[in-house]
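K.L.:
Sharing a structure here in structure tokens format.
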Amino acid sequence: MTKYVFVTGGVVSSLGKGIAAASLAAILESRGLKVTLLKLDPYINVDPGTMSPLQHGEVFVTEDGAETDLDLGHYERFVSAKMRKSNNFTTGQIYESVISKERRGEYLGKTVQVIPHITNEIQAFVERGAKASHDGKADVAICEIGGTVGDIESLPFLEAARQMSLRLPLHSCAFVHLTLVPFISSAGELKTKPTQHSVQKLREIGIMPTVLLCRADRPIPNDERAKISLFSNVREEAVISVWDVDTIYKIPEMLQAQGMDDLICRELELNAKPADLSVWANLVYELANPKHEVTIGMVGKYVELTESYKSLIEALRHAGIHTHTRVNITYIDSEDIEKEGIDCLKDLDAILVPGGFGKRGTEGKIAAIRYARENQVPYLGICLGMQLAVIEFARHVANIVQANSTEFDADTESPVVALITEWLDREGRVEKRTNASDLGGTMRLGSQRCPVKPGTLAHRIYGAEVNERHRHRYEVNNTYVPKLEQSGLVISARTPNEMLPEMMELPDSMHPWFFGVQFHPEFTSTPRDGHPLFSAFIKAALIHQDATLKQVS
């Protein structure tokens, strides 16, 4: 039978519940337990797919094509289980399901209420999500509840968790509460009162924390931990200090050193072998002891909130681990390039243009791509970054001067990139869309396979086949591909059914390393295994750096 750990937050949001949940999962997995994770989001949106990256951060795409919270990216990077659509659900999905049942008459004329109908539906979603991994036989499902205790939006989720702990047999549920212990510089001390009030609020709901994770900018002294224990009614050994560190991959060792996994295993009556975190220790060592250093320029329009590119940033760091390289990322607003020119690109070892949507900032990205191509700087374009690389090549090499995307100009004379109107999804079903289709859930989503052209850079990186996750509406227009290929562009992979371009590159005779992919490889990178594309990109940056230094000397 699956046991459940509910992770809640207090005082303020963005304390790192997702990292805490993923770190606990990593420790339990190292003890031989089968672990899965769920994210319960209290917002009314059906999913984050239509939310602004500046509000929500990155949208993480699962293997089965769900647009989910970025915390699912943390989950996949910390444990071996693959997340699926059922590992993330929202208030919007819960209400949508309940209202649909009411319309079908499944409630037999009863008045539909938050308790029991909404809370029952939440519990059903939780139990369904727990069965999504490990063939439905997970030992532990760690459920992160978004928001903070006291938010009106979170109350049905907390009530559902309380009801589950009451309904299931004893020792089936544990509660981990993450809270803030701020340091007040004017007083020169840590303040525990916010944590006391947060736990009090949780207890009013009927939930007693098994473990308190106390976030601070420094380790919390034992006397302060004892004070928190006394006023929160949580045993002192279960008051765990979680302080700021330079990499999130230190968190599993930090929690395990304070016995958090033992506390959870004892509460849930789980018999498991001792934890082995040697993999995490090695990762931390590699991060702290690089042999090389490169600077990558990331040119985007959401750079003021780097959470918008969370998986991409982590993928570059993973590549650094596996190439013994410290990867410094310079974030460049593409609109600044439009206003101030390309001087900001001159000291970079490589340039990356990530995915994105909309016209704003695209000409700045195209200018950065042109700079990379003309100056032999390694370039990686992801999703929109590939589409813009094709547009730049079409304009300045293939002499298709008006080349553009119908996303930016619906009436363009040369739609080198255009809306996909029909394609097969990963299950082989025909999907169709038009300009009038809903934005939510109408993209090409999820993991899909395609063959790779022999003799290409793509083949050297990936081998004969690529299997990556997608999230896009627009695609390189096959009508223009012959002219682009005549000018030197190489389409190194296509979808097997629609023959849609999946990867493009320039031959060695034109550029040492210029590469674009329509999919999102960052979603499958992990710190343990890295990712071949990002490792190849960092190696190309090192080669370019070495060549540049030789020219200067």
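Yeah, the Cβs are placed from backbone N, Cα and C, and that goes for glycine too.
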K.L.:
Do you know which of G320, G341, G356, G530 Swiss-Prot groups with L384, G385, M386, Q387, E407, R473 in the L-glutamine site?
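P.N.:
Of the residues offered, the record points to G356.
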K.L.:
Just to be sure I read the record right: D151, I152, E153, K191, T192, K193, P194, T195, Q196, K227 are listed as binding CTP in Swiss-Prot. Which of S13, S14, S405 is listed for the same site?
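P.N.:
So, going by the record in Swiss-Prot, that would be S13.
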K.L.:
According to Swiss-Prot, S14, L15, G16, K17, G18, I19 bind ATP; which one of D64, D69, D71 is annotated to that same site?
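P.N.:
When Swiss-Prot describes the ATP site, the candidate it includes is D71.
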K.L.:
Under a three-state reduction of DSSP output, how is L15 (ATP binding site) classified: helix, strand, or coil?
P.N.:
coil
K.L.:
Could you check which of the recorded positions (G16, G18, C383, Q387, R473) sits closest to K193 (CTP binding site), going Cα to Cα?
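P.N.:
Smallest Cα separation from K193 (CTP binding site) among G16, G18, C383, Q387, R473: G16.
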K.L.:
So of all those binding-site residues, I152, K191, T195, which one's Cα sits nearest to R473 (L-glutamine binding site)?
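P.N.:
In terms of Cα distance, R473 (L-glutamine binding site) lies closest to I152.
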K.L.:
Using a 10 Å radius around each Cβ and counting other Cβ atoms from all shown chains, which of the binding-site residues I152, M386 yields the largest count?
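P.N.:
For the binding-site residues I152, M386, the Cβ with the most other Cβ atoms within 10 Å is M386.
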K.L.:
Cβ within 8 Å of the ATP site centroid (S14, L15, G16, K17, G18, I19, D71 excluded): which residues?
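P.N.:
For the ATP site, the extra neighbours are G9, A20, A21, H74, E144, L178.
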K.L.:
Taking just the CA atoms, what is the gap between Q387 (L-glutamine binding site) and I152 (CTP binding site) in Å?
P.N.:
42
K.L.:
Between the Cα atoms of E522 (active site) and D71 (ATP binding site), what distance do you get, rounded to the nearest Å?
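P.N.:
Answer for this pair: 14 Å between alpha carbons.
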